[in-house]
Every structure is written in C-alpha cells, then in structure tokens.
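TrEMBL has this to say about the protein:
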BINDING   G249, Q250, T251, G252, S253, G254, K255, T256  ATP binding site
COILED    18-150  coiled coil
DOMAIN    164-499  domain 'Kinesin motor'
Amino acid sequence: MENIAMLSAQLTLSISSQEEATKQKDDLSSEVASLRGELHQVRDDRDRRLSQAQTLNADLMRLKESRENSCVELDSLTLKANDLEEKSSLKENQIKALQEQLATAEKKLQVSDISVFETRTEFVGQQKFVDELQRRLEDAEYKLIEGERLRKKLHNTILELKGNIRVFCRVRPLLHDESRSTEGKIFSYPTSMEASGRQIDLAQNGQKHCFTFDKVFIPEVSQEEVFVEISQLVQSALDGYKVCIFAYGQTGSGKTYTMMGRPGHPEEKGLIPRSLEQIFQTKLSQQPQGWKYEMQVSMLEIYNETIRDLMSTNRSSSENGTPGKQYTIKHDASGNTQVSDLTVVDVHSAKEVAFLLNQAANSRSVGKTQMNEQSSRSHFVFTLRIYGVNESTDQQVQGVLNLIDLAGSERLSKSGSTGDRLKETQAINRSLSSLSDVIFALAKKEDHVPFRNSKLTYLLQPCLGGDSKTLMFVNISPDPSSVSESLCSLRFASRVNACEIGTPRRQTNGRATDSRLSYF
Ligand SMILES: Nc1ncnc2c1ncn2[C@@H]1O[C@H](COP(=O)(O)OP(=O)(O)OP(=O)(O)O)[C@@H](O)[C@H]1O
C-alpha cells in the first residue's frame, strides 16, 4: 500500500507536474503566439524600414548624382569666376591707368585753358596790330598805285617830249638743246630800286657790260606779262596815233615768238594776236559811246630787198622765177605812204585777222641756216589801219598799228650761210645796217637821213621820222655761244634807246593830211 500510496502520491505529483507543464506549455504557446505577433510586427516594421531604406538609398543616389553634377558645375563656375576675376583685375588696372591719364589730361587742360586765355588776349592785341598794319599797307598800296600812275604819266610825258624810240629788251629762256653754261651766268639783272626791271648786265671774258632800257624782261616773263606792258601803246592806235612795234635780234632769239607766239598754244600767243583781240574788244566796248570803227589789214614781207604781198592770191608768178608785181613805196606830198598794188582787206573781228595771219605765215619765205632751222629770212610787216568816227560828238580818228618781225640780225660768219642763204644774209644785213644808219643819222640830227637806202627804212620812214609812237623789242638769246651777237644787239638797242626822233602826234578830226604813215 505504501507503494500504491507512493505511486498515487507520485501520480498526483506527476499529474500536478503535467498540469504545470500544460500550463507552462499554454503560457509558452501564448508567449510564442505573442512573440509570433511581435515577430510579425517586427517583420512588417523591418519591411517598411527596408522600403524606407530603399527609398532613402535611391534619394541618396540621386543626391550623389546631383552633387557630382553640382561639383562639375561648380568647377566650371569656379573657372569662370577666376577668369572674370582676372579680367576684372585687368579692367581695374586699365581704369586706373585711364584715371591717371584723365588726371594728367585734366591738368594739361587746365594749363592750356590758362594759355588759351593768354593767347586769346595776345591774339586780340596782335589782331589790332595787324588791322593797323593792314590799314597802313592799304594806304601805302594806294599811294604806290597813285605814284606808279603818276610815274607812268610823267614817263610818257618825258618820252613824248624827248620823242624817244622806246626799247624793251627780252631775254628768252634756254632751249632744251642749248648748253647749260658751266662758266656761270652770262646775264644778270640788278635789282636795286633804280635798275630793277630796266637793267641788264652782260659778262664776257671777265668784263661786265651794263645796259639800261625802258624795260627788261627776264626769261621767266610770260607773253601775257609782256603784253600788259604794251597794251597802252596798242590802245593809242585806237586814239588816233601811229604806232609801230618791231622786234630786232639775231636768228632764234625769240622775235617771232614775241610777235606771233607759239602756234597751237593759246596761252603763249604773241603780241600781234593779243593786240588785235584788245583792239576789237575796245571797238565793241566803245560802241555805246557812239564810236564806229573801220579797220583794214595789209601784210607784206621784204625778202632780199623785194616786197612781197602776203595776202595776194596771185603770188605764183614771182615764185616761178618770172617777175611778179613790182610793189613800190611812195610817200605823197602830205606824208602818206602808199605801197602800190598791195592787197588791203577790210576786217571786222580778231578771228578774221587770225585767219589772215595764218595764211600770211604760210606764205612767208622760210629758209634754213645753221642757227635756226625755221628761221624767217625776211622782214614781216603787219599793218592795221583804223578809221574811227563818233557821230554824236563829230569826232574822227585815224590810227595805224604797224607790227614788224625783222629778219635775224646775225653776222655772216655766225650764220654759216653760203649761196642763196649768203645772198639773203647780205640783204638782211644791208637793210638792218640801213636801219641803224637811219637811226643814228636821226640821233645826230643830220640834214640827210638815208631812208632810201633800203626798202625797210623807206617803208618805215614815217615811223622813224617822227610823229609815231615807236617801240623796239631787242630779243636776246641766253645761249653762251651767242654772247658776241647778244652784245652787238644790246649795243645797237642802247644806241637806239638814246635817239630823239620827234614827238608823236595824234591824228583826229579827219586831219588825214598830217599822217605820214598811212597806206591809204
Ligand atoms: N620767251 C620764250 N619762251 C619760250 N620759248 C621761246 C621764247 N622765245 C623764243 N622761244 C623759242 O625759241 C625758238 C626760237 O624763237 P623764234 O623762232 O621766235 O626766234 P626768231 O628770233 O624769230 O628767229 P628768226 O630770226 O629765225 O625768225 C623757238 O622755238 C621759240 O619757240
């Protein structure tokens, strides 16, 4: 029994222990269930957190990427910023430099402002001074013009009283083919008050020869300037004077250039075309005052002591060797000169005369010498007769303008002529030496003046003999090889200049009988 009790006690113990164990098992089950619930919750939590972690990871990745981008951008911006900083510092330097320059310029401006003011003040002073000088200059110029006018008037009066032949000397420029002298200049032109424009000095073999004329034209003087000096003289032909202008000088010294000019170069036209233009212009300008003019032209040449009519339409017979017309010069009892059979043409304009001059130039005898291939070997005489009437004042004037281009004056040895050319040179020399004989006989007031010794002097008798206004151009070549000829020409001209030949007289109110040079 004891065993049973013991077994029962043991059974009870075991049941209690089983119950205990069941209870523990239940507790443990509920704990497991609770733990399972907790685990489930933890799992959910873990999943949520995982997903949160994934999201955060993705965000992080994005952030990382953006950070990288930002880093690149930052680098580039940093570079740009550095660049800009560099530029800005450069600009700053420039600005500084400009500011410095500005400051200097401002300083200078201030200084120049001061000096402008000073200059302006000085300028006003100077302006006043210049105005005063200008006024005095105008005054002096006026006095000078008045003085010159008076001088010319007195000069004219003296010349009229003395009855001189006036002499103008013209030296031409050296031509291209002439030697530019190595021995120094042959001619010089003193510039002192008294001598200026009137004196020419020639140096030969160390000796100086001085000559004074009414005017000396240096090589640079233009045709226009020469004409200005004779225009008054030309004008006096319209006022009723007999005017005679002739050119004297050796071959090639510029006689034809002075009288006719260079063909085809209007600005270089000579005294003859310029004189005619002036005469026809004055004729027009005097019309409103009632003046009417008639003009006639004749042109002749004296070649080998024979007269040729340069306007005759019938010159062939004499050129063929058969004798042509015998033109004879006659002075009638009342002093008029007549050349028989000479063609006289009425002219109305300078153009008409230019045409006739051109025709005459073609008809002239032209020969060749060693000195000038186109040398004119004859004396050329152009005559314009002027007859003017003013019906409103009942005045009449009768003037004559003679323009003469003489043949070359060189000596025989110089011209190198032979045969026909020698005959020409001898004839030219004869007539030119007759011209000097006449002039010197007049100068010495000899009873007999050998006008008849040559055709030239006989034709020009009225001009040379007294009552005309006569001007001689002595043309000079500057070529050193012509120095002896130049000296001869200057000596001749200066003796001519000293001659007293008479007093020019005006031919007015139809006193034609007074005229001694008129080919009517
Ligand atoms: N003042 C000048 N200015 C420029 N050239 C000039 C001048 N004078 C003359 N001449 C030139 O000199 C050369 C000779 O001149 P020109 O024919 O007029 O001489 P000339 O004395 O008439 O000779 P000739 O006795 O042979 O007729 C020409 O070629 C001419 O154009």
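Cβ from N, Cα, C; glycine included.
Structure with TrEMBL features highlighted.
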residue : record           : Cβ within 10 Å
G249    : ATP binding site : 29
Q250    : ATP binding site : 26
T251    : ATP binding site : 24
G252    : ATP binding site : 24
S253    : ATP binding site : 30
G254    : ATP binding site : 23
K255    : ATP binding site : 29
T256    : ATP binding site : 24
Averaged pLDDT score, the domain 'Kinesin motor' (164-499): 82
